[in-house]
Amino acid sequence: MVELELEGRAVGSKLGLSDGVDLTALMPWFQGIDHTFILIFLLELVLRLVLDGRNFCKDIANLFDTILVITGCVDILVLAPIMGNENAAMMRVVRTLKSLRALRLLRTFRFVRGLRLLVKACQCFLPSLCWAMVLLAVFMSIGALVLGNLLLDFSASEVENYEDRQWVWLHYGTSYRALYTLYEVTFAGNWPTNVRPILNKV
């Protein structure tokens, strides 16, 4: 998280959006900490491989950990020395894969009874939640079609204000735009910015 914050601040300063605090000097420290954690994960993986033996491959979590450790080692030993900063996009993909290490925290659930119970409860209600989301998507699609069709005449009308027509078209002019606007309204709660202009001007 902190490394991403520092990299984001560096990009912001290049864009002229800096907040005045330059923390790029701390990047080598965080890279050193990252390398230390990869070494610890590698040692833990080797220890588990030795202790579990053939049962190591039976647990999917162990295979997931193996992929994460290999990705981290490839980043340190192969990609970083070869590419440097020349191929930042490839380095970003590898770092994104390494970010999945946070999912290892889910394995701690097996040690805490309350968390195990919570995970079991989530497994029970997930099918119902998925069907509720499908139903919500159907209603959002219907709403997008209705709003899009109702507001299409306003966007096409020559007698209305040009800026208002543009705004309505940008938000409700196509089925995709109307659906995306309803998605924003539903999940971001920005009713005033997307609905008030319609009520006032249409």
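Any Cβ shown, glycine's included, is placed from N, Cα and C.
Per TrEMBL, the feature domain 'Ion transport' maps to 28-200.
Residues or ranges marked as transmembrane segment by TrEMBL: 29-51 (among others).
Look at TrEMBL and you will find 63-83 (among others) tagged as transmembrane segment.
For 125-152 (among others), the entry in TrEMBL reads transmembrane segment.
The list of residues near the transmembrane segment (125-152) in space but at least 6 beyond its ends in sequence, with Cβ under 8 angstroms from a Cβ of it, reads 168, 172-175, 177-179, 181-183, 186, 198, 202. Looking just at the domain 'Ion transport' (28-200), the mean pLDDT is 81.
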